[in-house]
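Encoded as structure tokens, here's the structure I'll be asking about.
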């Protein structure tokens, strides 16, 4: 474990923020720097089949050290950080033996407070790694990367019994592109785990069904003084559309298994307005109903417009709930839960109110639930991770490998 923190601090020092709306994969040059570094480190560790694809996926094998028909399993993390907040010049703070109360983030007024984040009350005495209040930390998912790298080193050095272990590091997870170019056949694992979760004990195999909704509104602009019966205000139409969307089914009013509509962006003028929604729901039927609802709203608001004015709606599915694929292979979850219990961790099965590469991979033939990393408050300046949580994640990865070797 001695290099776990060192690895993590090195990885977060590299700016690997991904960028939406870019055709190339990886979407940013910074990701290539970390991917090349990981490839080099894996080669130096003496692992085999180390590859880096032209789409930025690193794959590697730790060969089995025991004989028998043992299934090959995989562990996967992503190297990019969220576009939502700066990941440049990350300056981590290490708070040893946290004693409670507010933690100052840098020299400004920003604090990490248990009033806003009550989970801190559960972390007394632990070592917290925080931001300086100016950037995100990048624990999502460089904690996962560091944990997998450390687990590989532990498995190799301590000669713990295991079958073939396949590992992959992917780009552009935060913008939904990482798994699209993942070669499941080349990866060659029977199942895998993404290491991309939150607090210790989290084990996730349910995620949202997700879709994006883009609405283009074309109006007609004339001088306001002579506008009667002629002007069609695209902004007013946008406001009417949003007024029809259920206000009590938004991200800020929902939790657990509840789905939502989220107006993520809106811009425009009288002539033209654009709206971008995301739709999320765990239930497939409710998911389809939400998409129909958006189409009905657009049709209702657009009824009777002048032929030159119109509302155009495009819905695109992003990913689906991996539950239907993972539950077909219950042993995958059984092994992960047993590994946690063996490490004195109580498994916390909860739905992901989001998505992971594992969701897409599960529908590509690689069942892939999600393991915890020990991190919290992702995508912002209040992000932090505990060193103890990271160490627990390493222990669980190693134990999963060991338990799988007994499955022959």
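Note: Cβ is positioned from N, Cα and C throughout, glycine not excepted.
On a predicted model such as this, the values are computed, not experimentally measured, just so you know.
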Name the one residue among 15, 196, 248 that Swiss-Prot lists for the same Zn(2+) 1 site as 78, 140.
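Zn(2+) 1 site check in Swiss-Prot: besides 78, 140, the record includes 196 out of 15, 196, 248.
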Swiss-Prot records 140, 379 as Zn(2+) 2-binding residues. Which of 96, 174, 185 is assigned to the same site?
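As annotated by Swiss-Prot, 140, 379 share the Zn(2+) 2 site with 174, chosen from 96, 174, 185.
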Quick one: among the recorded positions 80, 140, 173, 174, 196, which has the most Cβ atoms sitting within 10 Å of its own Cβ?
80
Give the sequence-ordered set of same-chain residues, not counting 140, 174, 379, with Cβ within 8 Å of the centre of the Cβ atoms defining the Zn(2+) 2 site.
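So the extra residues in range turn out to be 81, 82, 84, 136, 141, 378.
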Around the Zn(2+) 1 site recorded as 78, 140, 196, what other same-chain residues have a C-beta within 8 angstroms of the site's C-beta center?
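The surrounding set, listed in chain order, is 77, 141, 144, 173, 174, 194, 195, 356, 357, 373.
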Calculate the distance in Å between the alpha carbons (Cα) of residue 78 (Zn(2+) 1 binding site) and residue 173 (active site, proton acceptor), and round it to a whole number.
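Their Cα atoms are separated by 6 Å.
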Far apart in sequence but close in space: which same-chain residues, 6 or more away, have a Cβ under 8 Å from residue 379 (Zn(2+) 2 binding site)?
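Set apart from residue 379 (Zn(2+) 2 binding site) by at least 6 residues yet with Cβ under 8 Å, we have 82, 84, 85, 136, 140.
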How many Å lie between the Cα of residue 173 (active site, proton acceptor) and the Cα of residue 80 (active site)?
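Just about 7 Å between their Cα atoms.
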